[in-house]
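> The structure that follows is given in the form of structure tokens.
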Amino acid sequence: MTSPGPTSAPRPRGSRHAPDETFPRPLGLLAELTYACPLHCPYCSNPLNLGDYREELTTAQWHRVLTEAAELGVVQLHLSGGEPLLRRDLVEIVHSAGELGMYTNLITSAIGLSPRRADRLRAAGLDHVQISIQASESTASDRIAGFPAFQRKIAAARLVKRLGWPLTLNVVLHRYNIDRMADILALAERLDADRVELANTQYYGWAWRNRAALLPSRRQLERAERIARAARDRLTGRMEIIYVLPDYYSTYPKPCMGGWARRQLTVVPNGDVLPCPAAHSLPLPRASVRENSLSQIWTRSPLFQRFRGTAWMPEPCRSCPRREIDFGGCRCQAFLLTGDAARTDPVCVLSPDHGIVAAAVRGANEGESLGEDALDPRPHPHRVQQP
Ligand code: SF4
Ligand code: FES
């Protein structure tokens, strides 16, 4: 599943306890309800060891998590996975969040968004729907998704608009769809999307495994960026277009999650709590809502404390004027690329490890394309225990 981008402004609707002002306040919670999913996208950011997440939180446990999140100050709930529509209690979860005053965003492949389910979600107060699109037409799209999903996505997108929800389309860009940018934007216009997120692949999970095949060339990126910029100018006021720059081609890293344990937290299907959706790959102590409250985890757990603020930073970040802008980049990327999560993100040109990223980029520009056959698709996890 893709990560949540910013959605429309949250609309707090309920009362809640005053947050502890000595700590940063988490505004957003990403609730990964299940890692089960009908699609097999080769860039999925879910963990490789899907079998370890079979025992999902129950409806009552999610209700407790949401209540504690609201007390902590969370106002935006992103419901994701896997495919969140596979949870039979999704309507109840949305309803709980609404009662707690949260703005709710469903991040979905749209498989399972039948008219009846959509009506029930609407009645439960769901605020926003984000549908993933793999390409601009069914052959390419279904090949990337590993599932005949395209026509159902289109039908679901129309249903979302008919029911009056704001619609975001999310497109993860890579070597095999980035040249279709103009057609993807034309499709978004035809569907009357309110917002399109064109997000270059982030290399975690299955995307990390498939990086050599997925990383686009500089020429592809420059062309795509020109098309995105022209569309943004032309469609101002009608459709918001967000183009997320590819990390590997940037000079400085992204401020991942807006800084570690600063504004966001993630709860994964088995109840583990993470400062970012990829942090399960890091060799850090676990934190789980099965053992502690969300507030204890947010304020006291070694996992959340580890990279909070700037005191943990090594050089060159420690003395860098950008340290409060990008927070030294992404901890998960630093770990994947160097084996040490506490190093400067190698995407940064100032990092002593930048050569690792430069070599990957060289490979994408000089080498022969590996071809789609080289992609390792995300498998189905066994169906997980339902509440
Ligand atoms: Fe950011 Fe660190 Fe690079 Fe400075 S040295 S730009 S703080 S990653
Ligand atoms: Fe984990 Fe960036 S994805 S810190």
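In case you wondered, yes, glycine gets a Cβ from its N, Cα and C as well.
These came from TrEMBL, pasted as-is:
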type: REGION; residues: 1-23; note: region 'Disordered'
type: DOMAIN; residues: 23-238; note: domain 'Radical SAM core'
type: BINDING; residues: Cys37, Cys41, Cys44; note: [4Fe-4S] cluster binding site
type: REGION; residues: 368-387; note: region 'Disordered'
> Taking the Cβ of Cys44 ([4Fe-4S] cluster binding site) as the centre, count every other Cβ atom within 10 Å, in any protein chain shown.
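Cβ-Cβ neighbours of Cys44 ([4Fe-4S] cluster binding site) within 10 Å number 26.
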> What's the number of neighbouring CB atoms sitting within 10 A of the CB on Cys37 ([4Fe-4S] cluster binding site)?
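Summing over all protein chains shown, Cys37 ([4Fe-4S] cluster binding site) has 26 other Cβ atoms within 10 Å.
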> Would you mind checking how many other C-beta atoms are within 10 angstroms of the C-beta on Cys41 ([4Fe-4S] cluster binding site)?
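If we count other Cβ atoms within 10 Å of Cys41 ([4Fe-4S] cluster binding site), we arrive at 27.
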> So, three-state DSSP: helix, strand or coil for Cys37 ([4Fe-4S] cluster binding site)?
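For Cys37 ([4Fe-4S] cluster binding site) - judged by DSSP and reduced to three states - the answer is coil.
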